[in-house]
Amino acid sequence: MSTLEDGFPADKLFAQGYSYTYDDVIFLPHFIDFSTDAVSLSTRLSRRVPLSIPCVSSPMDTVSESHMAAAMASLGGIGIVHYNCGIAAQASIIRQAKSLKHPIASDAGVKFPEYEITSLDAFGPSSFVFVEQTGTMTTPKLLGYVTKSQWKRMNYEQREMKIYDYMKSCDSSDYCVPWEIDFEKLEFVLEDKQKGFVVLERDGETVNVVTKDDIQRVKGYPKSGPGTVGPDGEWMVGAAIGTRESDKERLEHLVNVGVNAVVLDSSQGNSIYQLEMIKYVKKTYPELDVIGGNVVTMYQAQNLIQAGVDGLRVGMGSGSICTTQEVCAVGRGQATAVYKVCSIAAQSGIPVIADGGISNSGHIVKALVLGASTVMMGSFLAGSTEAPGGYEYTNGKRIKKYRGMGSLEAMTKGSDQRYLGDQTKLKIAQGVVGAVADKGSVLKLIPYTMHAVKQGFQDLGASSLQSAHGLLRSNILRLEARTGAAQVEGGVHGLVSYEKKSF
């Protein structure tokens with residue numbers, strides 16, 4: 001052994017019987033002979049779904065719906081639409097995501113007809129509140145709108161009325177433009193119509209609403225790379241399904257609207273139910289990639305690989321809103337889980353999604369270098385403009401709800417299937433409901449994050465994911481476990497106060 005060797009190879013570090021998280025380990029720097037711009041983050045979600053960046057949005061009902069899926073695809077990643085809703089609703093979300101050629105999530109509020117506007121907070125930073133049947137943009141018809149100036153002129157008695165009683169109608173075709181309109185033409189139409197917003201329609205259904213302010217905001221975002229586009233020329237979108245008999249009907253509807261990959265969504269994927277569903281999907285839809293999980297051991301992974309999965313999802317109890325390890329006493333530290341599962345998956349060429357535990361760009365670097373092909377993000381993307389739900393204000397902070405799919409609130413709505421639950425029996429929570437701060441748009445957040453990831457790869461001497469995996473397997477990349485003091489030293493410390501900005 002050379003006296004110049006530092007640290008440990010990964011196989012030795014992860015064989016010591018400890019369950020490591022991302023913060024527990026640190027990579028040692030290697031040799032740099034290329035620029036940051038030379039780093040390629042291109043990868044695969046599954047066997048036949050290529051991505052330009054290794055980013056996947058989690059199938060959670062407070063993270064991934066149409067705007068998130070379209071935005072992730074436009075950046076070169078992909079979104080996985082949750083299934084905590086009816087079959088028709090999930091299919092509608094996928095259809096809308098594929099129709100969002102311009103993935104612009106408006107800053108304007110969207111309310112249901114019976115809503116009462118009690119303060120200007122309902123408008124957020126926008127001049128509009130739009131009225132839609134369910135209070136979201138996932139159903140096909142916009143009913144009307146209210147402007148901030150209009151509401152300010154109303155007296156107190158009028159403000160107690162339902163929004164439907166005083167909104168302005170959007171029925172006029174003057175507001176509508178085709179969904180496939182070019183961005184430059186869209187900007188011109190907004191200026192020409194002098195109405196402040198336009199409604200994008202496809203086959204008579206509302207796809208999106210875009211305001212002048214939205215256009216100006218998006219123009220200030222970093223330019224994105226090649227998007228994730230499918231053979232049909234539209235954004236590639238993934239979807240989560242369960243393993244029950246009813247999910248076979250759900251899958252049929254999703255295939256009909258063009259879903260590009262399906263994730264079998266289970267907190268413990270090594271089950272007879274998932275093995276049977278994998279075989280059903282591969283037999284019925286052989287051209288559709290199916291991703292199995294969640295798993296954290298090589299044994300679990302091997303079972304799903306032998307059943308025919310095209311990708312694996314790794315993580316159990318590592319998410320910020322997940323309490324599985326606490327409640328059920330099962331799981332694994334995410335760094336250890338990713339390394340172990342990737343070791344067996346690499347032998348079969350199966351891409352691995354590292355799901356959970358991602359709080360910063362450093363965690364993404366660690367997950368990818370340890371063998372993952374992509375990272376799945378929940379809390380990292382929750383609170384963004386594209387995440388479902390409206391903003392609220394708490395102690396002067398702009399926040400959005402974020403809940404675990406194992407929380408009682410989500411399980412009551414239907415996600416108990418993910419935890420192999422039965423709606424007629426007791427429900428045991430494996431997650432919590434919380435809130436996260438406003439993060440702005442993922443169209444800005446992700447490009448800056450990916451640049452930070454590239455810098456991490458450069459420091460490690462890896463110009464691509466494939467290069468990083470090769471350096472790790474050949475024991476050239478070295479790691480060390482971090483003591484508690486080392487973790488403190490590696491963060492901001494010794495200051496009375498500070499302001500931390502990522503970009």
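We count from 1, first residue shown onward.
Glycine too: its Cβ is placed from the backbone N, Cα and C atoms.
Summarising the annotation, Swiss-Prot assigns N-acetylserine to Ser2 and lists similarity to another entry as the type of evidence.
According to Swiss-Prot, the feature domain 'CBS' maps to 167-225, an assignment based on sequence analysis.
Under the three-state DSSP scheme, Asp265 (NAD(+) binding site) falls in the coil class. Look at Swiss-Prot and you will find Asp265, Ser266, Ser267, Gly315, Met316, Gly317 tagged as NAD(+) binding site.
DSSP assigns Gly319 (K(+) binding site) to coil in the three-state reduction, placing it in neither a helix nor a strand. Of all the Cβ atoms in the protein chains shown, 24 others lie within 10 Å of the Cβ of Gly319 (K(+) binding site). What Swiss-Prot records for Gly317, Gly319, Cys322, Glu489, Gly490, Gly491 is K(+) binding site, and it gives sequence analysis as the kind of evidence.
According to Swiss-Prot, the IMP binding site annotation covers Ser320, Asp355, Gly356, Gly357, Gly378, Ser379, Tyr402, Arg403, Gly404, Met405, Gly406, Gln430. For Tyr402 (IMP binding site), the Cβ neighbour count at a 10 Å cut-off comes to 23, with all displayed protein chains included. Annotation note: Tyr402 (IMP binding site) sits in a strand segment as assigned by DSSP.
Per Swiss-Prot, the feature active site, thioimidate intermediate maps to Cys322.
The active site, proton acceptor annotation in Swiss-Prot covers Arg418.
According to DSSP, the domain 'CBS' (167-225) comprises 22 helix, 18 strand, 19 coil. Using a 10 Å Cα-Cα cut-off around Gly317 (NAD(+) binding site), the binding-site residues Gly356, Glu489, Gly490 reduce to Gly356. The least crowded of the binding-site residues Gly315, Gly356, Gly378, Gly490, Gly491, judged by other CB atoms within 10 A of its own CB, is Gly491. Taken together, the residues in the domain 'CBS' (167-225) have a mean pLDDT of 80 on the 0 to 100 scale. Summarising the environment of Met316 (NAD(+) binding site), the number of other Cβ atoms within 10 Å of its Cβ, over all protein chains shown, is 25.
The separation of Ser267 (NAD(+) binding site) from Gly378 (IMP binding site), Cα to Cα, is 15 Å. For Gly356 (IMP binding site), the spatially nearest entry among the binding-site residues Ser266, Ser267, Gly315, Glu489 is Gly315, judged by CA separation. Here the CA atom of Tyr402 (IMP binding site) lies 18 Å from the CA atom of Ser267 (NAD(+) binding site).
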